[in-house]
Amino acid sequence: MMMARSFMDLIWDYAVFVVFIIFSTLVPLWGRFFGKKEKTKADYVFGLGTISMGAMMLSIARGTLGVRSFLGYPSELFYRGSAMWETLYGMVTAYPVVCFIFIPVYFNLGVTSVYQYLDLRFNSRLVRCLASGTYIVRSLLNLGVTVYTPTVALNTVIGIPYWVSLIGISAISIGFNLLGGLKAAITADVIQGVTMILISLGIIIQAMVTVGGFDKIFTIPAEAGRLNFFNFTGDFTLRVDTTSAWLGQLFMSLSIFGCQQNFVQRYLSMSTFKEVRRTLMSNIPVVIVLFCLAWIVGMGVFSVYAACDPMQAGYINKMDEILPFFVEDKFSYLPGVLGIFMASLFNGALSLNVSNLNSLATVTWEDFLSHLPRFKGINDKQQLHVIKFIGSIYGVIVMGVGFSVGLLSGVIESSMLMTSATSGPLLGVFLLAMLVPIANWKGAACGMIVSHIITLWITFGSLTVSKEAILLPTTIEGCTNDTFSSGITKPTKSWLLTNTPLEVESEFSYFDTTPQTPATQGLGFPENLYSVSYMYYSLIGTFLTVAVGILVSMLTAHSDDAYDRKLLHPIAYHCSMIFPGKARRFITNPDIRPKDTEKAGVDQKKAPIEELERDNLGFDSVSQQSGVTVVSVDPIPPKPNEREVYRKRDIEAAH
C-alpha cells in the first residue's frame with residue numbers, strides 16, 4: 001500500500017510524530033539522567049513507593065485495555081457490531097473479586113514475583129515454574145499483538161512496511177528497558193493515556209460535526225444493526241454473545257488482574273493494602289469510561305462511513321485500518337493531528353511493551369535463573385544487569401511474535417484468542433492455592449498439566465474446523481466524489497510492499513448477507529468441541545485445573561502437605577474449620593509475618609535490597625530487626641521446644 005498523500009503534504013505530521021516520540025520517551029527517563037537513578041533491583045522493579053495513586057490508576061487502566069482497544073474496538077463495531085462491547089461486564093466484575101480475594105493473600109508476603117506465593121503454598125518448585133511459564137508464554141503472545149497494532153496505522157497512512165515499524169518499536173523498547181524501570185514505564189503510561197483520551201474526544205467531535213449531531217452517532221449505528229445487546233443465544237459455537245462475553249472476559253480478567261506479574265507488581269509497589277483497595281475500586285469507573293470511549297469512537301466512524309465503506313470501496317485492505325484511515329481522511333485540514341495519532345499508537349505499544357518486558361524479566365530471574373548454580377551469590381547490582389539483559393532478549397522475541405500476528409483476523413480476535421487459551425490453567429492454580437484447603441502440589445501440578453494439554457488440543461483443533469469470517473453487511477451505494485477528502489486515493493502496489501511480510505489482502509469475501517448456520521450442524525466429536533467459541537477457553541481451563549487438582553489432592557493427601565494458614569484466604573480457612581471431619585493440620589512458617597497495613601504510614605518505604613540477606617535459593621530475606629516482611633522458602637532450623645515447624649524434614653524430625 002502506498003501512502004495516500006505525498007511526503008510534502010504530510011511534512012507537519014512527520015514532524016509532530018518525531019517530536020512526540022522523543023518527548024514521550026525522554027520525559028519518563030528524565031530521572032535516569034538528571035534525578036535519582038535506580039541503584040537496586042527494588043528501584044527497578046517496584047519504584048520504591050514513589051508512584052502516585054492517580055498515575056497508578058491510569059497505568060492499570062491502560063494495561064487493562066491497551067493500545068489494542070484504541071485501534072481494535074472501532075473496527076470491531078464497524079464490521080462485527082457491539083457483541084464484544086459486553087466484555088465490559090466481565091472486566092468490572094473481576095475488579096472486586098481480585099481486590100478482596102487475591103490481593104489480601106499475598107500483599108504482605110513481600111514477594112518479588114507473584115509466583116513465589118505458589119512455591120510457599122505448595123512447597124513445590126514444579127508448580128511455581130508451571131505458573132511462571134504460563135505467564136511468560138501468554139505475555140509474549142499478547143505483546144506480539146500489542147507491537148503489531150500500530151504498524152497497521154503506519155502502513156495505512158504513510159506506507160511504512162510492517163517490518164520496519166516492528167523493528168523500530170522493538171529497538172526503542174529494548175533501549176527504554178535498559179534505561180528505565182517500573183516508574184518510567186508508568187510515567188509513559190500516563191502520557192499515553194492522556195493523549196489517547198484527547199485524540200478519542202477529537203475523533204468523536206469530528207464525527208459529530210460531519211454527520212450533523214451527536215445523537216446521530218448513536219442512531220445511525222443502531223439503525224444499521226450495530227448495537228445489539230443482551231443477546232443470550234445459548235449457542236456455544238457463536239463467536240461471542242452476552243454469556244460468552246461476560247463469563248469469558250471474567251475468567252480472563254481474573255487471570256490477568258490477579259495472577260499476572262505486571263499487574264501484581266503494581267499493587268505491591270504501593271505502601272498499604274488500603275491504598276491498593278482504593279486504587280482498584282476507584283479504577284472501575286475509569287475503565288468503564290475509557291472502554292466506552294473507544295466504542296463511541298467506532299460508532300462515530302461508522303456513522304460517517306455508513307453509506308460508503310472504505311474497505312469495500314478498496315481504500316483499505318484490513319478492517320483494523322478503518323480508524324487511521326478516518327483520521328487521515330477527516331483531519332486532512334488540520335496539520336499535525338495525523339502525526340499525533342500515529343505517535344500515540346506507536347508510543348502506546350512502546351510503553352506497554354516496556355512495562356511488560358520489566359515484569360517478564362523479573363519473573364524469569366526470580367523463578368528460573370536465580371536458582372541456577374551459576375547465578376547463586378551474585379550481588380544486587382549484578383542481578384539488576386541480568387534482569388535488564390533478559391528483558392532485552394524478550395524484546396527480540398516479541399518482535400518475532402509480532403511478525404506472525406498479521407495472519408490472524410484482527411487485533412481484537414488475535415488478543416482474545418491468545419489470552420483465553422492461556423488464562424484458565426494460571427487462574428485455576430491460584431484458586432486452588434487460595435480457596436481449596438486440601439489442595440497439594442501434586443493436585444496443582446496435575447491440574448495445570450491436564451488443563452494445558454486439553455486447552456491447547458481444543459485451540460489447535462479449532463484451526464481444523466472451517467469457520468467462515470462473516471462480517472456484518474456494509475454498502476458503497478452512497479459513495480460520491482465528495483465522500484473522502486481530495487488527497488485520498490486508492491492504494492497501489494510497489495515491489496517493496498508487495499514483498500513485505502504480513503501484507504494480508506482482502507478480497508471482500510467477508511461480506512455476506514446470508515444468515516449464519518450453527519457451526520456444529522452435522523459435526524460429531526471432536527469437531528463439535530473444536531467449534532466452541534474461544535471466549536470459553538479460559539473458563540474451560542480454569543474448571544479443568546480446579547477439578548483435577550481437587551481430585552488428585554484428595555487421592556494423594558499426606559501429612560507433608562501442611563502449610564501456613566496465612567497462605568490461605570481467611571474466608572476459606574474459616575469455612576474449612578466448620579466442616580465436619582478430622583481437623584486439618586497447619587504449620588507456622590516463621591518467615592511470614594504480616595504487617596499492619598491499615599496502620600502503616602503512607603510514607604513507609606520498602607527496604608533497599610542492599611540490606612537484604614541472600615538465602616541459598618535466591619530469594620530475598622530480611623533480618624528480624626528491619627521490620628520488613630520476610631520471605632524465605634528455605635528450611636530454617638526449628639527453635640527449641642517449638643511445636644510447629646516448616647518443610648518435610650523438619651516435620652519428620654519433630655516426630
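Glycine is treated like the rest: Cβ placed from N, Cα and C.
What TrEMBL lists as transmembrane segment is 12-33, 45-67, 87-109, 129-148, 160-182, 194-214, 246-264, 284-307, 331-350, 415-436, 443-463, 534-557 (among others). The region 'Disordered' annotation in TrEMBL covers 613-655. Annotation source TrEMBL lists compositional bias 'Low complexity' at 621-633. Under the heading compositional bias 'Basic and acidic residues', TrEMBL lists 640-655.
Proximity of the transmembrane segment (415-436) to the transmembrane segment (246-264) is established through 3 or more Cβ-Cβ distances under 8 Å for residue pairs spaced 6 or more apart. Panel annotation: around the transmembrane segment (194-214), residues 20, 24, 58, 67, 70, 220, 290, 293-294, 296-297, 300-301, 303-304, 323, 326-327, 330-331, 337, 340-341, 344, 347-348 of the same chain, lying at least six beyond its termini, place a Cβ under 8 Å from a Cβ of the stretch. The stretches the transmembrane segment (246-264) and the transmembrane segment (443-463) are not in mutual contact, being linked by fewer than three Cβ pairs under 8 Å (pairs 6 or more apart in sequence). Long-range Cβ contacts of the transmembrane segment (129-148) within its own chain (Cβ-Cβ under 8 Å, at least 6 residues beyond either end) map to 66-68, 113, 115, 118, 162, 166, 169-170, 173, 259-262, 349, 352-353, 356-357, 359-360, 363-364, 367-368, 394, 397-402, 404-406, 411, 414-415, 418-419, 422-423, 425-426, 429-430, 445, 448-449, 452, 502. Under 8 Å from some Cβ of the transmembrane segment (284-307) lie the Cβ atoms of residues 57-58, 61, 64-65, 69-70, 73-78, 82, 85, 88, 91-92, 95, 193, 197, 200-201, 203-204, 206-208, 210-211, 216-218, 220-221, 224, 226-227, 322-323, 326, 330, 475, 477-479, 483, all in the same chain and six or more residues away from its ends.
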